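Sequence annotations record features per position, and here TrEMBL assigns region 'Disordered' to B:29-48. Residues or ranges marked as compositional bias 'Basic and acidic residues' by TrEMBL: B:32-45. The annotation transmembrane segment is assigned in TrEMBL to B:108-130, B:217-239, B:273-292, B:325-349, B:361-378, B:398-424, B:436-455, B:509-529, B:536-555, B:583-608. As annotated by TrEMBL, domain 'CBS' applies to B:763-820.
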């Protein structure tokens with residue numbers, strides 16, 4: 001809607017090559033150079049120059065070569081168009097210096113474009129991170145001297161009052177701030193742990209602002225109320241903005257991005273309004289304390305930024321080429337979401353992208369790296385590690401621990417399946433009931449309930465990312481949380497950790513965590529799919545981390561209490577701690593995320609980039625594998641594929657194997673006893689064709705030799721016939737309803753009557769055909785790999801029917817015992 | 001040759017489904033259930049059951065569905081065959097418990113197979129590493145008390161005489177050895193650096209063994225002679241083994257692996273003799289001190305191990321499926337070569353593999369990880385780091401350093417181009433001259449020259465891996481090499497490194513390094529392509545590391561002498577060292593390797609896994625990019641593609657863009673004025689067909705309705721006609737030269753004379769067809785993505801000609817102004 005104006009509204013098609021002009025002059029009358037195109041009589045050069053295999057540069061008919069909204073693109077045609085353009089530029093290059101510069105710009109534009117996308121993605125991600133962190137803290141209190149600081153920054157400024165430059169430049173982290181103050185030593189000496197308690201005097205909770213004390217029942221109630229009020233305010237703002245300005249900004253966007261990348265047009269989905277509203281709405285909805293993450297929407301935001309490819313005609317005017325940039329942008333989105341450039345590229349490759357040539361791999365990597373580099377430079381979280389949840393454990397994992405890890409994988413798969421099934425049911429209910437008409441009310445209701453339940457439990461009250469980090473981390477000397485309430489005495493932070501029984505704090509924490517797990521699971525089911533920007537990477541990781549930590553503590557205490565058991569006796573008899581509950585949390589997190597999204601390699605790489613835990617690839621992999629298998633066994637689809645199916649998008653998954661035995665003849669339209677709507681090459685009048693177009697609703701028509709001998713000549717699109725006829729009526733004298741429409745080059749003798757309308761230029765003379773005996777698995781393979789929109793079915797050269805992408809999708813649904821009518825678009 | 005017996009020689013095709021038996025009975029006489037297969041009269045079930053789209057289970061004719069040596073496989077057919085087999089197993093599952101177990105085994109066999117491949121690859125890599133390290137040291141001396149120890153192990157055993165368990169278990173590294181001796185502290189206290197001088201008393205150089213002193217002119221001469229003798233002995237053994245037992249074991253094998261994975265049959269290339277001889281030969285040729293590496297051949301060895309897939313019928317009997325395992329094995333090969341599992345997967349994806357479905361990605365990752373895990377467990381090098389060249393630098397890189405890094409990229413690209421061009425010229429000379437007939441002599445000659453020149457220069461005398469590690473590393477307190485002869489005084493190993501001018505040792509080292517660079521470059525040109533196992537990863541890395549280190553030292557001294565220059569003033573004015581020459585060596589190494597192989601993402605990931613340098617991804621990428629661009633500008637192909645072209649393998653590179661404007665009509669056979677060899681569906685006799693087969697040499701023939709109306713019915717392979725006719729003659733009474741061959745189901749009235757020969761079952765009724773107007777870029781795309789062997793060209797339904805993969809390759813060569821006759825195979 002928005003981006004389409006810039007990106008494709010223009011009709012300035014590329015000038016065609018000189019020697020092609022003879023065919024691009026539209027009507028039969030001005031046709032100054034008619035050649036016979038039958039193979040036997042032609043030489044190669046005229047052959048090519050006249051019709052480049054049915055791909056025509058038709059500069060004279062506006063709108064030809066474009067797509068309508070909610071339509072599937074034709075990859076082969078777009079890629080061929082791009083090569084044509086490329087050749088034109090190469091040819092022009094020798095003409096002038098200006099053309100040479102244009103040629104160089106064209107060659108570089110791919111790299112330039114991904115560079116720009118990377119830069120912008122990094123900056124936008126930085127802004128979102130800073131905004132979300134400030135507004136999240138705003139629910140609890142304010143920094144009265146500098147309201148634009150979040151709690152952590154506020155506390156810094158209070159502790160090192162000598163370096164108050166931090167106030168003037170609040171985006172600097174502590175290290176940079178110190179450098180700014182020109183005292184290099186300050187940064188290295190002060191430990192991060194000093195800020196853990198967070199009770200610095202500069203930061204005021206809302207109860208303090210209102211004159212109450214920091215503790216006590218009154219303060220609690222005031223804080224509670226402020227928390228709920230802020231949450232409501234943020235959520236209301238977010239939902240209203242989305243509703244009013246950019247309806248496409250809701251949700252995580254990954255299902256739609258997958259569909260768009262597979263070659264579908266949804267206008268405005270990547271427009272600039274979607275970008276702005278999604279960014280602002282994301283900050284608001286994250287701050288509202290809803291059970292959602294900002295990582296999925298970051299992919300959508302990055303793809304919106306990827307849409308600046310309209311600045312480069314090479315990409316902006318070619319839907320297939322544009323998708324190369326979007327693939328790179330998706331990689332950059334994951335890269336900034338998790339600080340994981342390699343994981344981002346693999347995510348783009350494995351999960352989102354469809355057409356991923358190797359050139360795109362390299363560019364995606366570049367784009368992801370630039371984005372991560374920029375984000376690290378901005379350093380919104382102010383920590384020195386480039387990874388989000390940096391953890392370091394003292395002990396490596398032990399071989400027998402693979403058993404609980406695989407167990408965690410199974411638990412993760414089960415949790416994920418419960419989540420997917422319940423969420424889908426709720427989304428379907430929302431879609432078909434009255435609830436769908438009140439999105440803002442729904443958001444407010446969920447926000448109030450979430451806030452009411454979340455606040456009393458410290459683990460749900462805190463930011464989800466913080467909770468994950470807490471669960472991942474090892475109990476060290478600096479960790480004062482209940483979770484680390486073991487009966488041990490620390491003397492030295494560097495000594496090995498003593499083997500100790502859990503104290504009462506740990507048991508209390510476990511109960512609270514179980515409550516948090518249930519609450520988060522239920523709230524995420526209701527939250528994902530609401531009309532606010534919301535992702536589910538972080539909630540999934542959190543669910544898994546909670547489950548994992550609980551299992552980890554259980555294992556630890558088991559090993560402590562039965563150290564002589566054969567399982568533990570090997571490694572756990574030395575008096576030192578041999579089991580790290582934090583590692584279990586990490587593995588659990590990977591398991592649930594893997595079960596929900598069905599990611600595999602990219603998941604493991606993201607987790608390893610996220611935590612810096614190179615040594616833990618094997619446990620992560622074991623859990624991810626177990627979780628995926630359990631998930632696949634319990635329910636076929638990941639959450640994204642399920643949402644694609646729910647919305648009826650025409651997405652042909654390249655991961656599903658087509659395991660049925662049907663033939664092309666079983667799938668093609670028309671079915672027996674119906675006749676196929678065809679156009680003949682030289683015996684139908686304009687009126688005949690217009691009547692056919694009125695009677696039928698197909699997107700395109702095969703052109704055959706004659707009604708009697710239906711040998712296939714080519715394929716022509718409804719849209720282009722309409723445009724061409726309208727154009728001819730406007731520009732050529734004498735064209736009327738009785739004009740014969742001619743798709744060949746051999747000019748039939750001009751009898752009396754109106755002039756012929758020559759439409760060979762819009763005829764695709766190289767349609768992909770198959771025989772009726774072709775197994776459907778081959779057909780599906782061709783649709784996927786060649787990016788087809790339709791294919792023509794023949795038998796002994798005779799045309800029998802057509803198979804469109806929609807037919808394939810419906811057939812797959814039917815064989816899977818699903819409703820074939822849920823495929824909505826073509 | 002070897003593997004084919006196990007893998008494909010058997011004729012036990014899968015039992016066909018019950019309802020298919022009606023068509024698999026061969027001859028016209030026993031045909032008990034003839035159905036009319038015209039679309040209009042059939043219902044779906046019989047439709048499928050009778051001919052599954054031209055893919056026939058023909059259990060009764062031996063050899064059908066197999067391929068001949070040096071032929072291209074038909075991916076679509078093989079994949080369809082696998083799905084058929086899969087369906088059969090699923091169906092059988094309900095019959096009995098045994099079938100259920102078989103079904104489960106089948107489902108698991110992919111994972112089991114890659115597990116086995118990973119395990120074996122890890123073990124073989126460990127054996128090769130241990131063997132090569134022992135034999136390399138054998139050139140210099142021996143451990144008299146335990147000749148099976150290499151120098152390092154020998155010195156351990158001498159230093160810690162209390163822990164002489166190390167002698168009994170020489171494969172243990174120091175840490176493990178200490179544990180074995182049950183004194184855990186010993187390992188952690190002793191630093192590795194103590195062994196750097198290597199002058200321990202237990203180890204005897206050859207001059208000492210012969211009663212000479214360790215130093216002096218006589219000792220030098222004796223060592224020199226022994227060095228050359230050992231080198232000659234090893235090289236002669238290696239070359240003779242390869243020549244006698246396994247000619248395919250020579251070279252790096254990556255070009256052939258690429259070709260095989262793209263769907264080509266080279267029997268014996270992955271056989272067990274190749275595996276054994278390549279492993280032994282690799283140890284020998286590496287120990288001979290030739291300028292070659294063991295990393296490339298490791299990929300070939302891993303693929304040979306991947307050939308154990310013949311144990312699993314799912315993979316062993318299906319060439320397309322087998323390639324999934326081989327892709328995973330290639331990933332495992334790189335994984336063990338560099339200790340880089342993620343890099344291995346990306347290498348397999350980017351560089352070697354052709355057909356890489358996402359399932360393969362996941363399995364490759366698993367396989368690579370298992371292999372790396374096993375190798376790390378074996379720990380052949382005895383160091384604690386899991387990476388080969390682990391480096392840690394004190395200082396991060398500075399932004400302005402990107403300029404020299406890009407400069408290094410350009411130098412790397414130039415070196416790589418010189419290497420590729422010169423090596424190709426030499427290989428072409430070897431191929432077409434008499435030299436090719438004396439491979440062993442050539443190897444011996446090159447070995448003598450290499451050894452003669454290499455020994456005097458300490459940098460060429462040492463193991464190439466050691467040299468790379470030395471060049472990568474930072475000058476610290478423990479490094480006593482000339483390269484680190486700076487005028488600084490170390491007091492504490494942990495303090496920051498002082499800013500110092502280079503001493504005379506550094507300049508001496510630079511001259512020696514320049515000599516080493518020239519020598520290595522020339523020797524590698526002559527070495528790569530000889531008839532011994534040899535890879536070029538390590539030589540390329542070494543060339544680049546030398547160039548990089550020299551540039552790095554130059555930069556460092558520049559910054560030291562002009563610290564006030566605007567470039568350096570920002571970061572280099574603090575009195576501490578701001579430039580790390582080791583990092584330049586690393587970047588240079590990446591640049592040359594990138595230029596030689598044209599790897600991109602996988603190169604960066606391998607380098608980062610190889611060195612552990614996460615922070616240096618940006619410099620590595622900048623250099624790799626610059627190098628690739630320079631390489632692409634100077635010479636089109638990487639070394640592997642150049643060798644593929646040299647050998648005339650039919651490899652259709654999926655990275656090259658087809659940028660020409662030809663149409664299918666220009667490429668197809670036959671050319672004008674020739675007639676197309678076709679078979680008619682029901683009017684040719686056995687004699688006619690045999691005459692046609694004798695006259696022409698095509699691999700397959702289109703079947704048409706009749707000679708007059710050449711409408712396409714199907715496609716039949718020469719090999720299968722021959723087999724079917726021979727089989728019918730043997731098994732069916734009355735079949736003779738006058739028998740009509742019938743490819744339809746409609747039975748023509750049996751006139752007097754011999755019975756008809758019905759061959760519908762070998763007819764592929766779903767050949768891929770295109771129109772003559774199809775642009776060649778689409779055709780090339782179809783060949784690549786669908787894995788075609790040939791496609792049929794039609795015009796208005798009428799058959800015009802055939803395009804085979806060879807035609808496409810020749811056409812591409814012709815348009816690139818290369819000799820089209822260099823494409824040898826089809």
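Backbone N, Cα and C define each Cβ position, glycine as well.
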Can you tell me which recorded stretch out of B:217-239, B:361-378, B:536-555, B:583-608 has the most Cβ pairs within less than 8 Å of the transmembrane segment (B:273-292)?
B:217-239
Which bits of the chain, at least 6 residues beyond where the transmembrane segment (B:217-239) starts or stops, bring a Cβ under 8 A of a Cβ in it?
135, 138-140, 205-208, 210, 280-282, 284-285, 287-290, 439-440, 443-444, 446-448, 450-452, 455, 461, 530-533
Verify whether three or more Cβ pairs under 8 angstroms connect the transmembrane segment (B:361-378) with the transmembrane segment (B:108-130), leaving out any pair fewer than 6 apart in sequence.
yes
Let me spell it out: take the transmembrane segment (B:398-424), skip the flanking residues so only those 6+ beyond its ends count, and list any with a Cβ under 8 Å from a Cβ in it.
521, 524-525, 528-529, 540, 543-544, 547-548, 551, 555, 567-568, 570-571, 578-579, 584, 587-588, 590-596, 618-619, 622-631, 633-635, 637-639, 642-643, 646
Closest-packing stretch to the transmembrane segment (B:583-608), where packing means Cβ pairs under 8 Å, from B:325-349, B:361-378, B:509-529, B:536-555:
B:536-555
For the domain 'CBS' (B:763-820), jot down how many residues DSSP puts in helix, in strand and in coil.
23 helix, 18 strand, 17 coil
Which residues, given as numbers and ranges, are at least 6 beyond the ends of the transmembrane segment (B:361-378) yet have a Cβ under 8 Å from it?
110-111, 114-115, 117-119, 121-123, 125-126, 129-130, 171, 302, 324, 327-336, 339-342, 344-345, 348-349, 386
Who are the long-range neighbours of the transmembrane segment (B:509-529) in its own chain, taking Cβ under 8 Å and residues 6 or more past its ends?
251-252, 290-292, 415, 418-419, 422-423, 426-427, 430, 446, 449-450, 453-454, 457-460, 467, 481-483, 485, 536, 539-540, 542-543, 546-547, 549-550, 553, 639, 643
Across the domain 'CBS' (B:763-820), what is the average pLDDT of the model, as a whole number?
87
